[in-house]
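> Here it is, the structure, as structure tokens.
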Amino acid sequence: MSGNNENVSGITGHDAVSDDQYAYDSEVYDDQNAYQRQPADAYSNEEFLDQADYDSMYGEGYNGYDYPTGVTESYGDEYTPVDTASSGINQYSTEKGKFTRPSDEYESEYSDYNAQPSDANNFYNLRGDGRYNAYDPSSDSLANVYNSVPYGSSPYDFSNSSFVGNSGSGTPLDGDSGSFYADSANLTNREPYPAWTPENELPLTKEEIEDIFIDLTNKLGFQRDSMRNMYDFFMCLLDSRASRMTPDQALLTLHADYIGSDIANYKKWYFASQMDREDAVGLANVGIYGGKVTSIKEKGKFFSRNKKAPKVVKPPRKSRFKRKKKKEQPEEAEDEYIDVNTDDSLESAEYRWRSHMRSMTQFERAQQIALWLLLWGEANNVRFMPEVIAFLFKCAYDYIISPEAQNVTEPVPEGYYLDNIVSPLYQYMHDQQFEIINGKYVRRERPHDQLIGYDDINQLFWHAEGIARLIFEDGTRLIDIPASERFHRLPEVQWNRAFYKTYYESRSWFHLITNFNRIWVIHFGMFWYFTAFNSPTLYTKPFHQRDGPKPTGASQWAAVACTSVVSCIIMAAASLCEYLFVPRRFPGSKPIWKRLCIIVLIAIINLIPIVYIFGFSSKHQQRSGRRIAVGVVAFLMSIATYVYFSLVPLQSTFGKLSVKDSRKYLANKYFTSNFAPLKFDNQALSVIIWVCVFTCKFAESYFFLTLSIRDPIIVLSTMRPYLCSIYWAGSRLCFVQPRIILGIMYFTDLILFFLDTYLWYIIFNTIFSVLRSFVLGISILTPWRNIFSRMPQRIYGKILATNDMEIKYKPKILISQIWNAIVISMYREHLLSIDHVQRLLYHQVPAEEGRRTLRTPTFFVSQDDNIVHTTFFPANSEAERRLSFFAQSLATPIPEPVPVDNMPTFTVLIPHYAEKILLSLREIIREEDQLSRVTLLEYLKQLHPVEWDCFVKDTKILVEENAPYENDSVSEKEGTYKSKVDDLPFYCIGFKSAMPEYTLRTRIWASLRSQTLYRTISGFMNYSRAIKLLYRVENPEIVQMFGGNTDRLERELDRMARRKFKLVVSMQRYAKFTKEEYENAEFLLRAYPDLQIAYLDEDPPEEEGAEPQLFAALIDGHSEIMENERRRPKYRIRLSGNPILGDGKSDNQNMSLPFYRGEYIQLIDANQDNYLEECLKIRSVLAEFEEMETDNVNPYSESARERNKHPVAILGAREYIFSENIGILGDVAAGKEQTFGTLFSRTLAQIGGKLHYGHPDFLNGIFMTTRGGVSKAQKGLHVNEDIYAGMNAMLRGGRIKHCEYFQCGKGRDLGFGSILNFNTKVGTGMGEQMLSREYYYLGTQLQLDRFLSFYFAHPGFHLNNMFIMLSVQLFMVVLINLGAIYHVVTVCYYNGNQKLSYDTSIVPRGCYQLGPVLSWLKRCVISIFIVFWISFIPLTVHELIERGVWRATKRFFKQIGSFSPLFEVFTCQVYSQAITSDLAYGGARYIGTGRGFATARLPFSILYSRFAVPSIYIGARFLMMLLFGTMTVWVAHLIYWWVSIMALCVAPFLFNPHQFDWNDFFVDYREFIRWLSRGNSRSHANSWIGYCRLTRTRITGYKRRVLGQPSDKISMDTPRAKFTNVFFSDVLIPALLAAGAIIPYFFINSQPGNPMFITDPNNPSPYVHDTKTGTNPILRLVIISLIPIAAGFGMSGFFGGMACCLGPAFGLCCKKFPSIFAAIAHTIQIFIFIAIFEVCWFLDGWSLPKTVLAFCAVTAIHRFIFKILTLLCLSREVKQDSANISWWSGKWYGKGYGYHAFTLPAREFVCKAIELNLFATDFFLGHLLLFFMLPVICIPYIDRWHSVLLFWLRPSRQIRPPIFSTKQNRLRKRIVRRYSALYFSILVIFLILIIVPLAAGAEIRQGLTASEAVAKGAVGWNQTNSSIGSGIIQPRDTNYTANYSFWYDRYHFEFNTTY
């Protein structure tokens, strides 16, 4: 520590050891003596307390956890009026501010550590936790409790303060009075900015800086509160920088970061927009359009894409700049800013810029920073647009330095800047999203590609051409008027004529083609190489299998060389798609047609030799050497083309994006491709990883995938089914069936080819991450001795900054203070018992000569792991985990910490909306609802039994101490007080007395173990405690200076902590909190007075009908409480309007951003936690930003240019998911977060692929705020707001690092529904990211290795899930097509180990060689199986290196035993569905994912309605296909599919708590029946009809207004999807899937090999040309498909008409008439479905496989037809459910439909026809799912074992059964009896409908045998049907190919299935 008093004076901060979080005795409730107690006798013994290990130098009052909080006085002089009585002398200085070293005696005393135990016994006075304040919102005593805290007059009353004055006027800061500066005797000590004091040779005093702010405010019209806020913001920055460098250097570097250096965003914009040319000669003189803009009349749609730009008159393009050689430049050019005659090169311009920056005075630098901050601080939503702020800064500064501004005498009105500059821009952005209808705002249904968003507005200012579009009403351009006039003319700019879309975020899959073109080139190209080489039959004509696959050499080379053409096609498609997304008029768009022409030319060049070989060469010529040489050349050219297109980014194809010294693409270079280069070793590692990935991937794919399809290609491409025919088609369809299968197999193999890459990426990422963990030394596999025994030395060397200590102490003394503070903090959190604490603490013990020495805990020297686990802390406890990680983390390389006084200031920012702040007593001791079986407190006690036991013991001690003062009755029971009976209330609910101070303790204990804001704040306030602890330990001399005045010592420590750390909670809804929420927030402010809350305040409108005024306000725990019981804001800054224009979170963060302080921001969610031992590392963490160097190098010097131009923008940190032990779902969610946030981030950060994920990440405040903030905020598009900060940082030149040694706690969703909601939000958010311009910039500009890292870490993960589900779908289509052949033909013998040849493969004769296809099918199953299971590798490996082999093995098998693979399958489908749905329909939004404990049983109907569309429907379709495949092509591999696909259907119910309880099951069944039937008489929120309507709205959309009224859910409007989007997902895909099911159905009914199809025995042909031959499956399929639909339309019309006739009359006497009518119609439709199923079975000859396949086809046809009807026939959905009720009631009048009354019935007619069919489907599917569960619910004690799997609770600690009243029990029993009878009745009917036909069909099929058929019909019996319907009934199943030998021997027919 330096000797200068400025570095040690004016300390602000908290004591790190002591805090209200851990001190029960120092609360706002001191008068109640709630926690003012001495330690219990059990641990107040001499060894523990009196033998404390701290010297008297810490003063009598030193108690690490005992200091007053919650009162104004404790806040220190910075926030309260100066107390003249305490001003006194400067404790730090004796003469002229110099520090006096202690005497030798003093030093000796401390060196020998000869302390008196009585001087320090308070440190171990283990008292209660300050977080357990006596507080209960539900208690009437709150008023008295609150009033116990003294609050004086408002410390923030600035009514008497002047903001206009000369230097020294002194703007009041944070409540200090104007006389603050007058106390010269105590100036340094009380200085709010200690590093910025006159003693430090300041370039500008704070009064001078203040005058700058006042002057700018007066001239530009800023708000006073905003000015004060920004002044404090600036001074905190200066104080932070000046604490580790000279003040002059601090101001200089700040100016460099904000304005002038190469890393400053403003400088980049200045040159990118050619403002240097504008300042020199004007843009009109350098080719930018000049003259006046002609008058424009707006036409067409509002801001339509086709709207033309303003026409301008262009003067002759003559540049006044002339090129000169550098040597001709005058040497004195440095002294001149710019000269029109100088060189126009970028290099010269930058040289002149640096010269000007060096020549600026510090006043000018401070003025520029102040101006930028004032503009930014009041910019509201414009803060998301950094280049707009840069432009405003340019305009404002041009005015400020003009003579006009210098002559201003009258100040501009306050709010001028907001009202005239910011508000018009805000209003434009607001109007883009909202329109006024009937006086209310309604959100526009405007897709992203028609909405001009933040980025479009911002990018207009990237280029001079965009700035030139800013015009006035008369057409004059802003840029053409003098620079000094522009700022005040900005209100006249016609903003709506300037902006246009700069990138079209069209909802299209084409984005993937452009953004990831290299992924497709790499994979498609290599797939073509492999597959073309192994598909000789496709280019060997004629091919004869008996000759084997012997293609000509030239043809094989040429076929493989087609890869280049494929690559060119992909590149051309990517370029054409880019043309769709990037408007040509945007100056930053690169020419596409030139690139496209070159691509076409390359394709033609590559195609010429291929065409020559295949088109102009015979087979004989293809074997010649010349043709082979041509083929080789074509192959070599294809490799060159393939490699080039794979390596080079799309934007850099055929030329770099920008050349040196070029001005045109500077904006693209600076803002979209300024990627930080990797260090050589990291770059090498990146390349090595991807070389390894693709080497293994290509090798494995070739040998495992490609070679396995080689034989299927040979047999299927040459296979000719013979004698097969169906009516109307003959042999046309069945003849090409093998080739159809081959095409689907090719596509499936291609998808698996993509999946393999991700598999190898996971493997190698894990391998390299593990290797790096060993390099860093963070693996637990390091010996125990190395981790724990060396921990004291590592604490001394890596936690403490001891190099600058003026007084040296023995390391043990310093270490003991840190270690004891950590242990005691865990004790206060009830993680350790007092016995554990005694074993872990350093103790003072007697030594020689009466001295005392410190005894090291045996914990550090223990050699036995078992002893450590059992002796020092509970086994597998939170304390063990935290201490283990702390020890491991210290073994890693950690930057050396700087002294506390020199560390930078930082802020923790926590956005909060409606998250739970503090649990109420009702919430923790009452069951959540009637579906829950356990209270929250009971569940927490089960999860944390040791911690609950510690808490109860602590509470009992507290009660015993307070008992004599509370009432005498307690003391009378002293003898029996500790009996088990008396202790029961403590162990039950944690308290015995209902006094607030006791109930609050229980509430806090529960809140600290749940996902609450209180847990987050209490955890991150540990930063304050850590700073105070470190400052005190490293600077023991300050204790001596204060003597025994502990209060002044505490205030000094508080000042230091407050100076270095701020915690801001952005409580958006604070002003509208409920009473309970407000009381909880007030409790937080009283418990943590330094906590700051930013919120939206509101003033009612001055006039009726006007909008209220909104303000961004800031309060803290020291703010005055006003008469309305609200706190007076410290700052209250008016806003342009409601800042929440997006999805909320990012707007909330942006609103509070001006209130952060310091250089760095840590973004935290409201469900996180932090720990004292982690907070002790904060100095090293901040040092990772690499800005701790204090060398005085001028950032504008030439030498500084060579330094790193890419600062660290984001520092990622580890997360510990503290919800991992909650059960299987919590563990799975935690595992994913741990692996993705830790294991992969470790490698990704090193190879440049990591982005920002919010949670614990630290951000470089200046870098991020000058580049758009900490997130993006366009609604829908930026729903995953935080990752855009990472992409923005990467694009703009920032580096993103990862910190291994620091971690925060994080909560995760715990219930099945909430986890899937989170996955849906992430999946839809990823869909939106695919559309974003950030993905376009990254995908088309990153170098290959970093692009691959980015792709596979982010979009690749989600696309991989999509590919997995697509491969499953394709597999099922292949399976049913293959099964259709297998079922009716004879399959040849096949030996997979033998080479396929004609002689060995066609056995028996006439057979079909399908063995290779079946072998390929098995390989596919194995591939998908491996891909699924590979997801467990990272978690297992992570657990292995973090916690050891045993725990990794245990966790793996616990997950497997708890069916987590089924959950993974379901999650994969949800991800896939989310991204595909979003790209088709949109609708991405923030989904609130509940953070409570999922202990309640959800009804079957809710789960079904929630997951039917994402998963259950597709699972049911797959199951039907799989059932058919199992009956026809059975292999053992299909078992895997049965398990996986069943997971898609049953996973929601399998992971539903208590799903299999017998009584609950049937009560739930009743609810399902009611769910199906309700909602037809009156609207019901939870009904089948409501679910059905909601499902189709994603296609139809909602009517935006009904009867002229605004939408009732403005923010939740679902826009109608575009037809082009829906066509692909809802028309084309269902049509293809329908074809995939129809074609095999036709083949299975084509009777292949039937000799009756031979028309001419003398000249038999395998091909049947007669289209009237065979049965008629086409008509059969049409009948069984259309009858239910026709019946639906018929009943819809009949019942609709009957309702109109009977409804009005019957409705008078029977209110349930509509429901009854609907139930009758639905029941009839159910019976129609049953009849159709039985008829289909009959028509298919009682063949169950054919019937199942028929229903696969029918289901696909119905899906396709209903999609078409919905898309073409249904208009928008009415929000209210009145149309449905009107249909069934017949009451269309009086409903207020207006003219819709004529169209709604027609629409509803179509709806009801569709709904009747969908109802029957849901009825059968729901019952089938319930029937599947019957065997499970019959298992004894199944509910108990099921709960063990879900919650991981032992059977002995199971959640109790629910308790019902007698009446409820009777009712439940009656329900169970009735509905179990209904359930089993329907089950019996289902079984009868299946078993009876199955048995009857078996009898019927025993009729005619094959031999009888031969005897009956000789050859020539042609089965020709004369009538259409004669072939509708399919004959019984007969394998005619089995009789091939008979026909061959008897009639000498020979039909081969192969060529």
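Quick reminder: no glycine exception, Cβ is built from N, Cα and C everywhere.
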> Of the residues Ser319, Ser624, Ser969, Ser1271, which is given the phosphoserine tag by Swiss-Prot?
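Looking at Swiss-Prot, the phosphoserine feature maps to Ser969.
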> Here are some residues: Tyr35, Tyr79, Tyr132, Tyr965. Which is flagged as phosphotyrosine in Swiss-Prot?
Tyr965
> By the record in Swiss-Prot, which of Ser971, Ser1922 is the one labelled phosphoserine?
Ser971
> Is it the case that the transmembrane segment (628-648) and the transmembrane segment (687-707) touch, counting contact as three or more CB pairs under 8 Å in which the residues of each pair are 6 or more positions apart?
no
> Relative to the transmembrane segment (1815-1835), which of 750-770, 1624-1644, 1713-1733, 1748-1768 accounts for the most Cβ pairs at distances under 8 Å?
1713-1733
> So what's near the transmembrane segment (1748-1768) in sequence-distant terms, Cβ-Cβ under 8 Å and 6+ beyond its ends?
1376, 1379-1380, 1517, 1520-1521, 1523-1524, 1527, 1592, 1595-1596, 1619, 1622-1623, 1626-1627, 1630-1631, 1633-1634, 1636-1638, 1640-1641, 1644, 1676-1677, 1680-1681, 1684-1685, 1733, 1736, 1740, 1806, 1809-1810, 1813-1814
> In the same chain, which residue numbers or ranges, 6 or more beyond the ends of the transmembrane segment (1421-1441), come under 8 angstroms Cβ to Cβ?
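Hits for the transmembrane segment (1421-1441): 704-705, 752, 755-756, 758-759, 762-763, 765-766, 769-770, 773-774, 778-781, 1231-1232, 1234-1235, 1238-1240, 1364, 1367-1368, 1371, 1447-1448, 1451-1452, 1455, 1461, 1464-1465, 1468, 1533-1534, 1536-1537, 1540.
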> Quick test of the contact rule: Cβ under 8 Å, at least six residues beyond the ends. What residues does that give for the transmembrane segment (687-707)?
522, 526, 530-531, 534, 749, 752-753, 756-757, 759-761, 763-765, 768, 1243, 1247, 1344-1345, 1348-1349, 1419, 1423
> Against which stretches of its own chain does the transmembrane segment (750-770) lie, if we need a Cβ under 8 Å and a gap of at least six residues from its ends?
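Beyond its ends, the transmembrane segment (750-770) has Cβ neighbours at 523-524, 526-527, 685, 689, 692-694, 696-697, 700-701, 705, 779, 1239-1240, 1242-1244, 1352, 1356-1357, 1360, 1363-1364, 1366-1367, 1370, 1420, 1423-1424, 1426-1427, 1430-1431, 1433-1434, 1437, 1441.
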